[in-house]
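As structure tokens, the structure follows; a few thoughts come after it.
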Amino acid sequence: MSEGQHKIVATNLALSAGESLWQACIEQLAQELPEQQFNTWIKPLLAQVSDDFTRVTLFVANRFKLDWVRAQYSHRIAVMLEKLYGQPVHLELALAPREAQARSYATPASADMGAVAEPAELADDSASAAFKNRLNTALTFDTLVEGTANRMARAAAMHVSGMPGQLYNPLFIYGGVGLGKTHLMHAVGNKLLADKPGSKVLYIHAEQFVSDVVKAYQRKTFDEFKDRYHSLDLLLIDDVQFFANKDRTQEEFFNAFEALLAKKSHIVMTSDTYPKGLADIHERLVSRFDSGLTVAIEPPELEMRVAILINKARAESAEMPEEVAFFVAKNVRSNVRELEGALRKILAYSRFNQKEISIMLAREALRDLLSIQNRQISVENIQKTVADYYKIKVADMYSKKRPASIARPRQIAMYLAKELTQKSLPEIGELFGGRDHTTVLHAVRKISGERQQLTELNQQLHVLEQTLKG
Ligand SMILES: Nc1ncnc2c1ncn2[C@@H]1O[C@H](COP(=O)(O)OP(=O)(O)OP(=O)(O)O)[C@@H](O)[C@H]1O
């Protein structure tokens, strides 16, 4: 980062909203990181958020700290900001100018500019975090809105938190991005701890597990690693698809899995796909994943999206009229994280302009987002996306070939064309190699009927829809 960018500090870019985004981020990091690490590296950071929320610059006191924060925390911070905001956030690190340091680094001694701890000491979070459960206490069953989309998963999670180690072990929760899998997992841990405070619970992202395996390997500390993982009462492990192609990690996870199940500890996992859909994970592990209860979380339906918006606005001490919530929910359909992003924009917009929340204000606040949503999805795009997904040629979308491996993706593409575009049945037929409109109608009916029955097909359609809606 060049010196030139220091002047950003002086410019007054959407400070309140930016501050609240950054505030939410550091509150989350405070929950997840060992206190000493948090106080030393995160608390002293000064953040500058651009007014469209897409760029965050973090100012760090000196070159050493800058390198350290970049290496150790920048990825994590960027992921968290993206989670909080609902869209990718570009993160930059810069050296803080002197006047900003004087103004903003008036933090406790641990954050003293001169007092730089040894990296080796601080890098070792495996020991200091050994009994930190990494749970976010805000993510509970109470704050999770229930609807048809998550009813099964929620009921199973509730059951596990009440009677761990018994039914549904492991509990495998899968679904698309931002649908509340992580939230549900934390809720299980928080409820168990509320009921039985002495329980040993750990929430961990699969990537962190990978990194723990690597550290244990490098430092030859597998005994400590095993002590740590094999002694838990409840292991919550997020996004296990990240184990793909990591043989050593898979082996260690397999061992932990067997040890935990043998002592009737509970394991809850999440992933973006059902176990058999996981790529590059050993079969013995996949079959273990599937040996308890596997349950999907679907994208929330309209009424659930409305309830989520109203609840979340209330949690921010704001009232969102129902008609505004309907307007937003109809336009933001893909996942809850996006809904949260939309809500944050509306609240910030209303606060800055000191205006009541109305449909007009929401339309204004979400201008960019709505224009992206309204971007036309073309039949050609659907054909290409579906062909890529099922690994067939785009040309097969208009060919006369009939083997099931081709005919079925073609029917799925026809169904999506009817769902996601304004085209009529004859127009769609025309674009699929001049087929009759009754062929299209048959495909649409068949796929929409099967979608109700077949969870796997439903899941594939969600992935395709999310990809197409961008
Ligand atoms: N039913 C719900 N009620 C209230 N909040 C929800 C609900 N579902 C999701 N959320 C919120 O939406 C955000 C995204 O959820 P979460 O991080 O749990 O998604 P995820 O499925 O784990 O996604 P990813 O796979 O991308 O990590 C969180 O802030 C979460 O609290």
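Keep in mind that glycine also has a Cβ here, set from the backbone N, Cα and C atoms.
According to TrEMBL:
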type: BINDING; residues: GLY178, GLY180, LYS181, THR182; note: ATP binding site
type: DOMAIN; residues: 167-301; note: domain 'AAA+ ATPase'
type: DOMAIN; residues: 378-447; note: domain 'Chromosomal replication initiator DnaA C-terminal'
type: REGION; residues: 134-350; note: region 'Domain III, AAA+ region'
type: REGION; residues: 351-470; note: region 'Domain IV, binds dsDNA'
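Here the features listed in TrEMBL are placed on the structure.
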{"residue": "GLY178", "record": "ATP binding site", "Cβ within 10 Å": "21"}
{"residue": "GLY180", "record": "ATP binding site", "Cβ within 10 Å": "24"}
{"residue": "LYS181", "record": "ATP binding site", "Cβ within 10 Å": "24"}
{"residue": "THR182", "record": "ATP binding site", "Cβ within 10 Å": "19"}
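Same-chain neighbours of the ATP site beyond GLY178, GLY180, LYS181, THR182, judged by a C-beta within 8 angstroms of the site's C-beta center, are, in sequence order, GLY175, VAL177, LEU179, HIS183, LEU184, THR270, ILE297, VAL336, ARG337. Look at the domain 'AAA+ ATPase' (167-301): DSSP puts its residues at 68 helix, 24 strand, 43 coil.
Residues of the region 'Domain IV, binds dsDNA' (351-470) grouped by DSSP class, helix first, strand second and coil last, total 88 helix, 0 strand, 32 coil.
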